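Annotation comment: TrEMBL describes H54, H56, H113, D137 as Zn(2+) 1 binding site. TrEMBL lists D58, H59, D137, H175 with the feature Zn(2+) 2 binding site. Marked as domain 'Metallo-beta-lactamase' by TrEMBL: 11-175.
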Amino acid sequence: MRIIRLEALSDNYIFLLHDSKHNIAAVVDPAEAEPVLKKLAELKAELVAIFNTHHHNDHVGGNKELIQHFPKVIVYGGAEDRGRIPGQQVFLQQGDRVEFGDRAGDVIFVPGHTRAHIAYYFPPATFGELGELFCGDTLFAGGCGRLFEGTPTQMVSSLNKLRSLPDDTHVWCAHEYTLKNLQFALTVDSENTDLQKRFDEVKVYRSRGEATVPSLLGIEKRTNPFLRWEQPSLQSSAKSSEPVQTFARIRGMKDKF
Ligand code: ZN
Ligand code: FE
């Protein structure tokens, strides 16, 4: 399974999964149809699945047009998103599995950004490969999604599920927000040398116009303030010794950053 990153709208990424053996493709969070159709034509592949993480328009905006071009495509989304995702046919819950070609992905229920948000995790197919996590707007490189429909308690529990995956996991998040996220992270975790190093690297990548997605979960665990609610440095910035309150206060500071 090859993963192709497509740019969409102002800062969205769409991920196209390509199985060249079966000549099929799937797409994660098609913000718009046009870049997907273009790449599918280039690959001469048939679109068999749309994996949506949540109902926001910058994640499902391309569904309708893709269904028109590929009437047999199956549209997946969270069970709680019933009625909010155009064309949705499969309603997924924590622990469900999805299949694409020879690969299977686990569904992780991660409410917080929205009340219905799910993530898809494809474990390594063979020993030594990396797992692939498609986490929408829940976990970002260096940040996390805003809490539109969920509570800090829910979001901490959701992020904790993602944090429990192996360090060697690609994090395919849906937006290029990394530089701004790390700028904020430094204000609440200023002594973190891994974070300082990452910020310097990301500055260089972005100045060359390069993408910072996917990132690695191991790096997120060391540098992302929204996975570090037990760290003394973050608790001191949040003036709290309680994990959920630490997360909530740091999230509140980011909302105003
Ligand atoms: Zn969203
Ligand atoms: Fe989004």
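Yeah, the Cβs are placed from backbone N, Cα and C, and that goes for glycine too.
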Counting Cβ atoms within 10 Å across all protein chains shown, which of the binding-site residues D58, D137 comes out on top? D137
Hits among H54, D58, D137, i.e. binding-site residues with CB under 6 Å from ligand 2, come out as D58, D137
Quick one: which residues besides H54, H56, H113, D137 have a Cβ within 8 Å of the Zn(2+) 1 site's Cβ centroid, in sequence order? T53, H55, H59, T114, H117, G136, T138, G145, F148, A174
Distance, H175 (Zn(2+) 2 binding site) to H56 (Zn(2+) 1 binding site) (CA atoms, angstrom): 13
Would you say which of the binding-site residues H59, H175 has the most Cβ atoms within 10 Å of its own Cβ? H59
In all the protein chains shown, the tally of other Cβ atoms within 10 Å of the Cβ of H113 (Zn(2+) 1 binding site) is 25
With the Cβ atom as the reference point and anything under 6 Å counting, tell me which of the binding-site residues (H56, D137, H175) are near ligand 1. H56, D137
How far is it from H54 (Zn(2+) 1 binding site) to H175 (Zn(2+) 2 binding site), counting Cα to Cα, in Å? 14
In three-state DSSP terms, H175 (Zn(2+) 2 binding site) is classed as strand
Cβ neighbour count within 10 Å of H54 (Zn(2+) 1 binding site): 30
Per DSSP (helix/strand/coil reduction), H54 (Zn(2+) 1 binding site) sits in coil
Between the Cα atoms of H59 (Zn(2+) 2 binding site) and D137 (Zn(2+) 1 binding site), find the distance and write it as a whole number of Å. 9
